[in-house]
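Swiss-Prot lists 1-26 with the feature signal peptide, giving sequence analysis as the kind of evidence. The repeat 'LRR 3' feature in Swiss-Prot is assigned to 122-144. Swiss-Prot lists 145-170 with the feature repeat 'LRR 4'. According to Swiss-Prot, the repeat 'LRR 6' annotation covers 193-216. Residues or ranges marked as repeat 'LRR 8' in Swiss-Prot: 243-264. Residues or ranges marked as repeat 'LRR 17' in Swiss-Prot: 458-480. The annotation repeat 'LRR 18' is assigned in Swiss-Prot to 481-504. Per Swiss-Prot, repeat 'LRR 19' is recorded for 505-528. Sequence annotations record features per position, and here Swiss-Prot assigns repeat 'LRR 20' to 529-552. Annotated repeat 'LRR 22' per Swiss-Prot: 577-602, in sequence order. If you look up Swiss-Prot, you'll see 604-624 marked as repeat 'LRR 23'. Look at Swiss-Prot and you will find 651-672 tagged as repeat 'LRR 25'. What Swiss-Prot records for 674-700 is repeat 'LRR 26'. If you look up Swiss-Prot, you'll see 759-1102 marked as topological domain 'Cytoplasmic', on the strength of sequence analysis. Marked as phosphothreonine by Swiss-Prot: Thr793, Thr801, Thr982. Residues or ranges marked as ATP binding site by Swiss-Prot: Val810, Gly811, Arg812, Gly813, Ala814, Cys815, Gly816, Thr817, Val818, Lys832. According to Swiss-Prot, the feature phosphotyrosine maps to Tyr882, Tyr919, Tyr974, Tyr981, an assignment based on similarity to another entry. Annotated phosphoserine per Swiss-Prot: Ser966, in sequence order.
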Amino acid sequence: MVKEMMKLAVFFISLLLILLISETTGLNLEGQYLLEIKSKFVDAKQNLRNWNSNDSVPCGWTGVMCSNYSSDPEVLSLNLSSMVLSGKLSPSIGGLVHLKQLDLSYNGLSGKIPKEIGNCSSLEILKLNNNQFDGEIPVEIGKLVSLENLIIYNNRISGSLPVEIGNLLSLSQLVTYSNNISGQLPRSIGNLKRLTSFRAGQNMISGSLPSEIGGCESLVMLGLAQNQLSGELPKEIGMLKKLSQVILWENEFSGFIPREISNCTSLETLALYKNQLVGPIPKELGDLQSLEFLYLYRNGLNGTIPREIGNLSYAIEIDFSENALTGEIPLELGNIEGLELLYLFENQLTGTIPVELSTLKNLSKLDLSINALTGPIPLGFQYLRGLFMLQLFQNSLSGTIPPKLGWYSDLWVLDMSDNHLSGRIPSYLCLHSNMIILNLGTNNLSGNIPTGITTCKTLVQLRLARNNLVGRFPSNLCKQVNVTAIELGQNRFRGSIPREVGNCSALQRLQLADNGFTGELPREIGMLSQLGTLNISSNKLTGEVPSEIFNCKMLQRLDMCCNNFSGTLPSEVGSLYQLELLKLSNNNLSGTIPVALGNLSRLTELQMGGNLFNGSIPRELGSLTGLQIALNLSYNKLTGEIPPELSNLVMLEFLLLNNNNLSGEIPSSFANLSSLLGYNFSYNSLTGPIPLLRNISMSSFIGNEGLCGPPLNQCIQTQPFAPSQSTGKPGGMRSSKIIAITAAVIGGVSLMLIALIVYLMRRPVRTVASSAQDGQPSEMSLDIYFPPKEGFTFQDLVAATDNFDESFVVGRGACGTVYKAVLPAGYTLAVKKLASNHEGGNNNNVDNSFRAEILTLGNIRHRNIVKLHGFCNHQGSNLLLYEYMPKGSLGEILHDPSCNLDWSKRFKIALGAAQGLAYLHHDCKPRIFHRDIKSNNILLDDKFEAHVGDFGLAKVIDMPHSKSMSAIAGSYGYIAPEYAYTMKVTEKSDIYSYGVVLLELLTGKAPVQPIDQGGDVVNWVRSYIRRDALSSGVLDARLTLEDERIVSHMLTVLKIALLCTSVSPVARPSMRQVVLMLIESERSEGEQEHLDTEELTQTTTP
C-alpha cells in the first residue's frame, strides 16, 4: 500500500512539474507529456530531434498526428515504429487521454508496460511488438474499452493473460505470440464477440483450451502453437463458423479430435501436429469443403484413413505421417484434384498403392515410405508431370518400376530402396537433368545402369547397392562434377575400373565391394582429392597397389581386402594422416611392412593378414596408440621377435599374430593390455612363459613348442607367473532388467559391414525462387522452406534481424553466426548465417550437393530433434533457418558455475536426447548418424526438453576448394577411439559420444580437463571407480545427494554411461537399447541389482 501511495505521489509531482513548465513555455500540456516520454527514450539516430519545447503544439513533430482543431489540437496518434529507440516507456503516456493509436513497434524499448496506459481511454490501436518489454500485462489494460488491436508479440512479457482482457469488448486482434506468457487462458476470453484473430503461440501457456472459446463468434484465426496446453480439444470449437485457421501444433493436447470441428465450414488450415492426440481421424473432417492444409502428423492416431477425406476437393497438402494408422490407403484420395503433397509415411498401412493416386495431376511430393505396402507401383505415376519427390522406401513393393518414370515429370529425389522391386532401372529418370538423389538399393533390380543416369549432370548421390545389376563401371558417370557418392556394391559388375574414375572430382564415397571387377586399380584414382571412403573389397583386382592412391589425403577408410593385389606396399601409405581404417587382408602382398605405418596416428583398425609379408614387425607400430579395433598380421611370413613397443597399444582389443615365423618370448608387458578381448599367437616359434593375459585360451598359443605356462604346460620355476583365480560372479546372479538388456545387446551384436550413409527426405518442401530487384526471376537465389511454415522471404529475415545486426546474435561457431529472428507471421527462428568462403566471381547459385544435404536435414522430424525449417541463398548469403531454442545448449548451462539443473531435469534431458538419437538410428530409413554428438549440440526449449541439433551440418558447409567436405570425425573429448567412416563405426561412435554426455550430466565435469584434474572424463570416471569403487563421490557435488533413491538411480545411469563408452564398439548397446535401459532405470528408481563394479570397470577400461 505504501509503495502504491509513493508511486502515486511521484506521478502527481511529475504532473505538477509539467504544469509549472507549461506556465513558462508556449508548449501545450500534451506536448509536455510527449517531452517527458522522450526523456525516457534513448534516441540513438536522433529521429526525434524536431521535438522542440519552443513549439506551441507538438502536431508537426515526427510521429505525432493531431486532430484538426485549430485552437487546441489533440494528439490522436503517436507512431514511432522502427525509430531505433531504446530506454523505457514513461508513465506520462497516460496523460495522452485523446490518443487513438500508439505504435512503438520494432524498437529496443524495455522495462514494464506502465499501468498508466489504462488512462488512454480513447485508444483503439496499441502496437508494442518487437521490443524487449518485460513484466506482466497490466490489469489496467482492461479499462481500454475502445481498444480494437492489441499487438504485443515478440517481447519478454511474462505472467498470465489478465482476466480483464475480457472487458475489451471492441477487441478484434489479440496478438501476443513469442513472449514468456504463462498460466492458463482466462475464461473471460469468451466475452470477446468481435475478436477475429487470437495469436498467442510460442509462450508457456498451460492448462486447457477453455470451452468459452466458443463464444468468440467472429474468430477467424486461432493460433496457440508451441505452448504447454493440455487436455482435450473442446467440442465448442465447432461453434466458430467463421474460423479459417486453427494452428495448435506442438502442445500436449490429448484425447480425440472432436468431430464438431467439422462445423467450422470456413476452415482452410487445420494444424494439430506434434501433440498427443489419439483415436481415429474423424470422418467428419471430410465435410470441411474449404480445407486446403491438413496436418495431423506425429500424434498417436490409429484406425484407418477415412474415405471421406477424399471429399476435400480444395485440399493442397495432407500430412498424416508418423502415426499408427492401419488399413489400406483409401482410393478416394484420388478425387482431390488439386492435391500437391501427400505424406503418409511411418504408419502401419497395408495393401497396395491405389492406382487412383496416379490421377492427381498436381501431385508434386508423395511419401508413402516405412509402411507395409505390397503390390506394384502404379504405372500411372510415370505420367504425373509435376512429380518432384517420390519416396516409397522400406515397404514390400514388388514388380517393376514404371518404365517411363521421369519422361513427363521433373524428378529431383527418387527413393525406392528396401523393397522387392525387379526388372530394369528406367532410362528416363534424369531426362530433365534435375535428379539429385537416386536410391534404388536393396531390391532385385537387374540389367545395366541406363546411360540416361550415368550422364545425369545434376546427380549427387547414386545408390544402387545390393541388387543384381550387371555390366561395367559406367565411365560416363565421372563426367558429372557434382557426384559425391557412388554405391554399386553387392551386384554383379564385371570388367575393369576405368581410368575416368579420376574425373569424379567431388567424389567422397566410392563403394564397389562384392562384385567381379578385374584388372589393375587405375592410378588416376589418386586424383580424387575429396575421397573419404574407398571400398573395393571382395573383387578380383590384380597388380600392385598404385602409389598414386596415397595422394587421396582425405581418405579415412580404405578397404582393399580379398583381391589379388601383389608386390610391396608403398611407403607412401604413411602419408594418409586422416586414415582410420586400413584393410589389406587376403591378397598376395609381399616385402616388409612399411615402418611409415607408424605415422598413421588416427588409425583404429589395421588388417594385413593373409598376405606374404616378411621381415620383422616394425616397432613403429607401437606408435599407433589410437589402434583399438584390431591389429591383424596373421598368416604371413613374418620373422623375428614381437616388439615390446606393441604394449603401448593400450586400447587394442584384438591382436592376431598367428601363423607366422615369429620367435622369442611374448613380451611380459602385454599383461598391461587390459582392453584385449581376443588374441592369437598360435603356430609360430615362440618360447618362454605366457604373460598374465585375460581370457586365456589354449588355441591362442598352440603350435609354439617353446611356450609354457597356463593354459599350456607349467614352466619350471614359473610360480610368479601363475595367474590368479577369477573371482567374477556367475552371470545368473544378475537378474536386473537393465543387465538383461545389456547382456542381450552384447551377446547379440556381431561384426558386419553396413552400407554407406544414404540421405533421407520426408518432410514437405516448398521451393520459392526469390525475385531480383528488377522484379524478374533470378537464377542466383533459392529459398527452400519446409511447410507448414509460411513462405517468408529473404527480405523478411533481413528486417527481423535489422540486417543481421550484432544485437540479434545469440551464438557463434565455426560454421557461422546464429541470429534470433522473429518474423511477421509470428515464428521465432534461429538463423544461422554460414561463413562464406567463395572468393570472386559469381558464385551465388546453390550447388546440387548442398541442396541435397539441406533437403535431407529438413526432412527429419522428431520432438527431440531441432527442426530445420529451411534454407535461403541470396546474393552470396547462405542462411539455415532453425527452430529457436530459448534455453540454449546443455553444455552452456551445465558447465556454468551457477548451474542449478537438478537430477530430474538432467535425466529428462538424457532420455530426450537418447530418444532423438534412437529415432535417427532406428526409425529413419535409411538410418542417419549424427557424427558430432556433444553437450553443445543438445539444445533445450523452455520446458528443458532436449533437442538434438547440428547433425549432418558439417557436410553442407562449403570448405575452401571443395564442393562439400567429408564427414567430420566429431569433437574433441567425444570421439570414439575406433571412429571410422562407415555406418557401422559411425553408429557406435554416436553411442560413445552420447555416453560422454551422460557422464557430463552425472559428474558435472567437462569432457576434457587438464591432465592434473584427470584428463578426459571417461578415463577419470573409470580411474575413480577402480580406486574408490562405485559411489556417490563420482557424482556432481552441486546436486543434492542426500536422497538415497536419487543417488541409486544416478549410479544405475552411470553404469549405462560406462556401457556406452565401452572401448569395444561391439560391447556398446544400440541407441534403442539405451532408451529402454534409461526408462527401466527410472521405473525401478535404483532398486535393480547392481553389476559387479570390478567386472564393469575391467570390461570397459582401456
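Cβ atoms are placed via backbone N, Cα and C, with glycine included.
Note that the structure is predicted; figures quoted are calculated from it, not measured.
The secondary structure of Val810 (ATP binding site), as reduced to three states from DSSP, is extended strand. Within the same chain, residues 81, 89, 97-116, 150-168, 170, 175, 181, 822 sit at least 6 positions outside the repeat 'LRR 3' (122-144) and bring their C-beta atoms closer than 8 Å to a C-beta of that stretch. Thr801 (phosphothreonine) falls within neither a helix nor a strand when secondary structure is assigned with DSSP, and so counts as coil. For Tyr974 (phosphotyrosine), the count of additional Cβ atoms within 10 Å of its Cβ stands at 28 [all protein chains shown]. Val818 (ATP binding site) is surrounded by 20 other CB atoms, counting those within 10 A of its CB over all protein chains shown.
Long-range contacts of the repeat 'LRR 6' (193-216) within its own chain (CB-CB distance under 8 A, at least 6 residues past either end) are made by residues 148, 153, 160-161, 169-187, 222-240, 242, 247-248, 253, 826-828, 942-943. Residues 561, 569, 580-598, 630-649, 656-657, 662, 977-980, 985 of the same chain sit 6 or more residues outside the repeat 'LRR 23' (604-624) yet have a Cβ under 8 Å from a Cβ within it. Listed by sequence, the residues of this chain that lie at least six past the ends of the repeat 'LRR 17' (458-480) yet keep a Cβ under 8 A from its Cβ atoms are 417, 425, 430, 433-449, 451, 486-498, 500-504, 507, 511-512, 517, 755, 758-759, 848-849, 852. Cβ neighbour count for Arg812 (ATP binding site) (all protein chains, 10 Å cutoff from its Cβ): 10. Neighbour counts were taken as the number of other C-beta atoms within 10 angstroms of each residue's C-beta; across the modified residues Thr793, Thr801, the minimum falls on Thr793. Close to Tyr882 (phosphotyrosine) in the fold, though at least 6 residues off in sequence, lie Val818, Leu829, Ala830, Val831, Lys832, Val866, Lys867, Leu868, His869, Gly949, each with a CB less than 8 Å from its CB. Under the DSSP three-state reduction, Tyr882 (phosphotyrosine) is assigned to strand.
Tyr919 (phosphotyrosine): 23 other CB atoms within 10 A of its CB, across all protein chains.
A simple way to gauge crowding: the CB of Gly816 (ATP binding site) has 19 other CB atoms within 10 angstroms, across all the protein chains here. Here the C-alpha separation of Val810 (ATP binding site) and Thr801 (phosphothreonine) works out to 11 Å. When secondary structure is read from DSSP and collapsed to three states, Tyr919 (phosphotyrosine) falls in the helix class.
Of the recorded residues, Tyr974 (phosphotyrosine) and Arg812 (ATP binding site) place their C-alpha atoms 20 Å from one another.
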